[in-house]
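**Q** Among the features that TrEMBL reports, domain 'Tr-type G' is placed at 9-279. Under the heading GTP binding site, TrEMBL lists 18-25, 86-90, 140-143.
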Amino acid sequence: MSNIVNEIERRRTFAIISHPDAGKTTLTEKFLLYGGAIREAGTVKSRKSSKHAVSDWMEIEKQRGISVTSSVMQFKYNDFCINILDTPGHQDFSEDTYRTLMAADNAVMVIDGAKGVEAQTRKLFHVCALRETPIFTFVNKVDREIRDPYELLEELENELGIKTYPMNWPIGCGMNFKGVFDRVSREVLVFSGGKHGQEQVAVDRIGIDEEDKLIEYIGPAFYEKLMEDIELLDYAGDEFDVEAVRDGKLSPIFFGSALTNFGVEPFLIEFLKQTATPTPRQSDKGEIDIYEEPFSAFVFKIQANMNKAHRDRIAFMRICSGKFEKGIEVNHVQGGKKVRLSQPQQFMAQDREIIEEAYAGDIIGVFDPGIFNIGDTLCKNPNKFTFEGIPSFAPEHFARVKPIDTMKRKQFIKGVTQISQEGAIQVFKRPNIGVEEIIVGVVGVLQFEVLEYRMKNEYNVDIKLEQLAFSNIRWIEESPVAVDKLSLTSDTRLVKDIKDRSILLFQSEWGIGFALEHNPGLVLSSIGKA
Ligand code: GDP
């Protein structure tokens, strides 16, 4: 038993989020480097660099038997066992990206110091904020010209609505980057360039009281500026409060340079100090104890294998309590059956391996013969419970979809329904019209092409996609009148999703404002609550 406790206690699970190009791949690679999971940087390939046509992308999926979009990596650092959940860049940005955040306990947000908060960071941040996920910010690329650090903090606070606490402070930037002042140890970590970041670097540390030595290293002008900054930060800034960090109310900020490894290890050390053991999850029977409760998990992602001959799928699950052992028999609560979890896998960078055991906080992928749905609960305990479901996130692109050959309507409906159950697309229907019109919504536009490809290859149906001008979706939570009697702009459309929830599709923010203004008592939500 105590072995289980030890194993769970040393686990930390985080998602890494950023706008493309901020340095997520580079930082991830450096974590793996410091964790000893790889010996030399440059081995984790950036997906983004290979701009595949959709068909190539599908080929890759087939060859690997698993999505290129589903990197889950595990590495050890000191005595900790750390799971990183990667969130894909804009090429294959999809609803999965959001769902992945539901499986994480913490988020590491990488910001490009020259650019600040960008569109994709903003979207991912808001999904993290839904669950009050603790967010650790890494302001990257200080070895280049970056924006004024005070301005960056202000932007983070204003745009994202979170308090910040700089854990360190940059001294110069770009050509004049000298290092950072570590506010915890009250030392200056001197930047020496490093070997292009391929290997771990040792850092010189100089105590803030060693004035002469500091001036020698960073020069008198930077020394003076640093003293001013320290005074300002210490007296004018917010207090550091680790509980506020754990509640997702305060984001610790770290300045660094992933490329040169500078600041990566101090970040990791502080991150491990400030994070707690895996976060207990809520169920319909209350909070599930991560140690006491035997194995339990929820499915947050389903990946079709794309292998026509087998049609097998992989269900990714987040373990919420206890220990997983290969071949374990568990209750699949929603399916009402016992299932044996076979071929359990864990993922290391882009390889996967069969595992014997895993613990609360870990992510595993298991073979799914087509029985699991997103949000399903699995538990060893015969006194079953269900974890809180996973919400539906707002798609941003919409299209009317139909089979080119009308005789294939049945196959078409089957395919669209199955693909939507995997969570790759959302399907909406217009109530009260003759032949049912199918509207598909996706978060990333690539999913349309994936849908077209899969419908043809797996269901033998050619489809016609006609993109629609809708850009905003709102689930109706409360309506003062019957939903079809709402007063709306003529370009707003009422639809239902597969759970029969009523939804409004808007062509602009303005349409949303109109609806709220003209229907007092109308309550709209940008996520479909589970
Ligand atoms: P991602 O799209 O967020 O995964 O970004 P990448 O890790 O692929 O980085 C994007 C580009 O920024 C690459 O050319 C990296 O070499 C570069 N880069 C990443 N980190 C740093 C850094 O700390 N300093 C500098 N100068 N460049 C960086």
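FYI, residue positions are counted from 1 along the chain as it appears here.
Using N, Cα and C of the backbone, Cβ positions are placed for all residues, glycine too.
Annotations in TrEMBL come from automatic prediction, not curation.
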**Q** Given Ser18, Asp21, Lys24, Val142 as the binding-site residues, which ones have a Cβ positioned under 6 Å from some atom of ligand 1?
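**A** Result: Ser18, Asp21, Lys24.
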**Q** Report the same-chain neighbours of Ser18 (GTP binding site): residues 6+ apart in sequence with Cβ closer than 8 Å to its Cβ, ordered by sequence.
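**A** Spatial neighbours, sequence-distant, of Ser18 (GTP binding site): Lys24, Met109, Val110, Ile111, Asp112, Gln120, Thr121, Leu124.
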**Q** Far apart in sequence but close in space: which same-chain residues, 6 or more away, have a Cβ under 8 Å from Val142 (GTP binding site)?
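**A** Sequence-distant Cβ neighbours: Gly113, Pro170, Cys173, Phe177, Val180, Phe255, Gly256, Ser257, Phe262, Gly263.
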**Q** So how many other Cβ atoms are close to Lys24 (GTP binding site), meaning within 10 Å of its Cβ?
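**A** 25, counting other Cβ atoms within 10 Å of Lys24 (GTP binding site).
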**Q** Summarise the model confidence on the domain 'Tr-type G' (9-279) as a single mean pLDDT, whole number.
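**A** A mean pLDDT of 85 is what the model gives the domain 'Tr-type G' (9-279).
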**Q** So how many other Cβ atoms are close to Thr87 (GTP binding site), meaning within 10 Å of its Cβ?
**A** 23
**Q** Which secondary structure state does DSSP assign to Val142 (GTP binding site), in the simple three-class scheme?
**A** coil
